[in-house]
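Quick look at what Swiss-Prot annotates:
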| type | residues | note |
| --- | --- | --- |
| CARBOHYD | Asn281 | N-linked glycosylation site |
| CARBOHYD | Asn291 | N-linked glycosylation site |
| CARBOHYD | Asn429 | N-linked glycosylation site |
| MOD_RES | Ser76 | phosphoserine |
| SIGNAL | 1-25 | signal peptide |
| TRANSMEM | 487-503 | transmembrane segment |
Amino acid sequence: MACLLPAARLPAGFLFLVLWGSVLGDKLLVVPQDGSHWLSMKEIVEHLSERGHDIVVLVPEVNLLLGESKYYRRKSFPVPYNLEELRTRYRSFGNNHFAASSPLMAPLREYRNNMIVIDMCFFSCQSLLKDSATLSFLRENQFDALFTDPAMPCGVILAEYLKLPSIYLFRGFPCSLEHIGQSPSPVSYVPRFYTKFSDHMTFPQRLANFIANILENYLYHCLYSKYEILASDLLKRDVSLPALHQNSLWLLRYDFVFEYPRPVMPNMIFIGGTNCKKKGNLSQEFEAYVNASGEHGIVVFSLGSMVSEIPEKKAMEIAEALGRIPQTLLWRYTGTRPSNLAKNTILVKWLPQNDLLGHPKARAFITHSGSHGIYEGICNGVPMVMMPLFGDQMDNAKRMETRGAGVTLNVLEMTADDLENALKTVINNKSYKENIMRLSSLHKDRPIEPLDLAVFWVEYVMRHKGAPHLRPAAHDLTWYQYHSLDVIGFLLAIVLTVVFIVYKSCAYGCRKCFGGKGRVKKSHKSKTH
């Protein structure tokens, strides 16, 4: 009995992993997406490395966040751009979201802006798949599995080329999940990307959702048709990307305290909140800021790594609003310092966001509604003022607003008064704090931490060389078989045939029964005349 007591004190996640066991020392190839997408993947990669796995991260030689690390080996490949060009493109991508446009032109502007980054990713992928030295290195290393972000499908193509079981880390997609994961997605209650609808839609919203679902197929083709050409050249056969997306496992950064409930497949594992690391001690600098805030506490403000500066007029409006509240504002901002910045607002180029949100003095979180920030807000129970800018951020903000955990502002149209009122609302109205604390409690009430769960399933795929028993047979069906159109057509043909036979039989019977009598009567009349 005494032997069991120390084990009982171990973290549940650690015990779970130890009990299941793992063949340590497997070789994992990681094909990440640069930028904020890398942050969640990095946490998983580091934990896998700590468990003894040999990890190689494939990176373009010019990148933003894919730096050296003691946890993995980097294998770089050449790309046709330099660091200044890369930074300029990302800076342009972030800053363009503050440009006003008409509602009719907004979708086109969003598409063109997204293509700034998507084209850069394509150039990177093209260089990789045409670099014979890198491909030779990958073939020779005999990896056990491939771990990738499928938003840009270079890793998907490599998994097919190297014949490796693959694991996808995924949060959102310009096209809905069913297009690549074969997961059912009823348009009646599963809102499509960019619609900003909830799961309770009015008839006009369901109509718009239905149309958006149709347009997603066209969008998918526009975004990824070039990758199909790359894949066909590399694999020496005609391929389609949906056919290549037959991975072993999806690690979805989902948690249904945040997402709307929807159907899923057995090879989909939910790991929302992996980026909510254990809160560490604040540095002396930030500890001093927090302590100086007094009873009013702090507000954390960050619009993410993609936004480096804000137009001067808008920045001054924001600064004016922040100066009207009693809290201390910690604003992550690398642009020009607003001339009207108040004494209660501190500009920093970087801040320990999760650690600050986890401090008892955190009163509110001003965020662009990126999924990483949303989950950190949920984990730490901090109500939010949301200023979504692009991508899935509008939908994320709608989800939190629907749950009563935050207020959404249109960053292009809001005034200083709007921001001031929103901050005072989420800070002073207790319902927002109560709602976010309830979400936090639900999120944390689980048998294993999402990071431990992600590590387990990556090891599971490496240990068993894939997970084909979890793969839905829907991947093997044509579109008309998936929707049973051939069965419906066959049954319809039978019904129509039966109806036709019955109709003809009745017509023939009527002619026999009534047609003969008519002729007899007619013949009788002619004889009497």
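From the backbone N, Cα and C atoms, a Cβ is placed for every residue, glycine too.
Feature annotations (Swiss-Prot) mapped to structure.
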residue	record	DSSP class
Ser76	phosphoserine	strand
Asn281	N-linked glycosylation site	coil
Asn291	N-linked glycosylation site	helix
Asn429	N-linked glycosylation site	coil
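Spacing of Asn291 (N-linked glycosylation site) relative to Asn429 (N-linked glycosylation site) is 24 Å (Cα to Cα, whole number). If you measure from the Cα atom of Ser76 (phosphoserine) to that of Asn281 (N-linked glycosylation site), you get 34 Å. Residue pair Asn429 (N-linked glycosylation site) / Asn281 (N-linked glycosylation site) shows a Cα separation of 29 Å. The Cβ of Asn281 (N-linked glycosylation site) lies under 8 Å from the Cβ of Glu287, Asp355, each of these being in the same chain and 6 or more residues away along the sequence. Around the Cβ of Ser76 (phosphoserine), a 10 Å sphere holds 14 further Cβ atoms from the protein chains shown.
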